[in-house]
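Below is one structure, written out as structure tokens, with a few remarks after it.
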């Protein structure tokens with residue numbers, strides 16, 4: 001907990017300091033500590049993204065951002081005052097701060113942390129962007145801007161990857177700064193994301209901040225930057241900048257200068273995707289430039305099939321899914337077990353938002369509904385997984401509780417936060433329901449450093465063709481680039497392909513080639529050896 005507190009303090013200073021410098025350069029006026037801090041986060045991430053094309057995100061880069069941030073903070077303290085920001089912290093602020101730090105001190109429990117977040121951050125630290133890295137692991141072709149930002153501070157300030165705890169504290173400060181105390185009710189929900197650098201948390205927090213700012217007619221240029229940044233973190237919120245721009249039209253405040261940030265973010269995102277994935281938009285193969293490092297068609301087809309099956313919680317085979325007619329698709333989507341409740345919640349959330357739109361008769365709510373309907377139709381056509389609709393749930397909840405009194409909001413948030421903290425402390429109860437398998441009970445060592453769930457001595461180095469790689473049985477061992485899990489190896493064995501370097505190493509990029517007969521035998525032997533590995537948990 002002490003190390004997390006240090007991380008939060010340092011990031012509060014460094015991001016705000018960088019934000020002050022960017023604010024002054026762009027001549028943006030903002031009376032918000034939180035929005036200026038987000039400006040710093042955005043600026044740092046954009047620069048890190050550019051650097052990653054040429055160099056690894058090393059400790060030297062982190063030191064540079066720390067120095068610049070502290071210099072910006074120093075300049076602010078000399079020329080301005082923190083008292084200009086309108087926030088007063090009471091007892092409950094410190095209570096929620098402690099709850100956030102306590103919850104963040106538990107070990108990461110999401111599978112994506114080990115299979116996607118850690119491998120992404122590790123390769124960015126070790127080598128920077130690798131052309132065609134999706135040919136090693138398709139997920140790495142995604143490389144969210146949030147993980148680029150995290151990688152830049154993973155050497156000194158945040159070696160335990162608890163960046164989301166800082167973000168939730170920033171959201172808490174926002175609540176006390178702007179005083180929409182009903183937003184405290186979202187704190188317990190967000191406690192589920194602070195153990196790992198999940199990109200879901202930033203897009204959800206940014207969505208709530210943008211909606212709250214626009215509801216209260218406090219739109220400024222930082223809002224469009226935030227919405228574009230959210231898309232770069234996770235493209236499923238593509239509706240957010242669309243909504244911001246349409247709302248500016250509604251208020252007759254549209255400025256053609258918005259084309260500049262849209263172009264900057266858009267070009268950088270597309271270039272990143274082309275370099276890592278081979279196509280402009282991850283994970284779809286639209287606009288094929290026939291780049292030599294694009295993934296092979298069979299891998300893209302496999303990814304698409306998995307996406308469709310996940311729409312139905314993997315309850316049906318791909319062949320069954322494609323044979324569903326329209327009525328079957330709807331029926332099975334709403335009857336796939338307990339997750340069907342979450343799917344029904346999508347429909348209920350849209351009904352709630354529609355109710356507000358038609359009762360308020362305000363174009364703001366009409367535009368919000370239209371943008372979310374566009375998102376819903378688009379997502380359902382690809383992979384209708386409930387997790388892609390979390391922002392829809394939260395917006396509906398936002399509208400339902402926005403008139404809650406401070407006392408009611410605090411009471412609800414405190415009760416639910418304590419409940420979540422107890423679940424993390426004693427996870428055995430939820431684990432009985434086949435949930436939270438990677439959750440670990442409280443340890444006294446968490447008072448000074450976060451708990452970690454790691455395997456040891458469970459990988460070996462192999463070579464097929466010109467490609468050297470680490471193979472592991474446990475996905476939590478996919479740390480050192482390049483690494484493949486037993487699942488990856490079996491997938492490549494099934495399709496008879498394997499990653500290769502264009503030349504002698506990663507610097508010239510990675511592509512996929514068909515395996516020869518002898519290489520197929522070699523891969524099967526590697527799979528056999530890897531299956532014998534026995535990782536040990538400390």
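Backbone N, Cα and C atoms are what each Cβ position is placed from, and that goes for glycine too.
Quick caveat, the model's predicted, so the values are computed rather than measured.
The stretch that TrEMBL tags with transmembrane segment, taken from the ranges 122-146, 222-246, is 222-246.
Checked against TrEMBL, the range among 299-320, 409-430 recorded as transmembrane segment is 409-430. Residues of the same chain lying 6 or more positions beyond the ends of the transmembrane segment (159-176) and with a Cβ under 8 Å from any Cβ of it are 3-4, 7-8, 11-12, 32-34, 37-38, 87-89, 93, 96-97, 100-101, 103-104, 108, 117-118, 121, 146, 149-150, 153, 183-184, 186-187, 190-191, 193-198, 201-202, 205, 208-209, 449-450, 452. Among the listed stretches 6-26, 91-111, 222-246, 341-358, 409-430, the one sharing the most Cβ pairs under 8 Å with the transmembrane segment (33-55) is 6-26. Counting only same-chain residues 6+ beyond the ends of the transmembrane segment (61-79), those with a CB under 8 A from a CB of the stretch are 10, 13-21, 40, 44, 48, 51, 55, 152-157. If you average pLDDT over the domain 'DUF8201' (1-393) in this model, you get 91.
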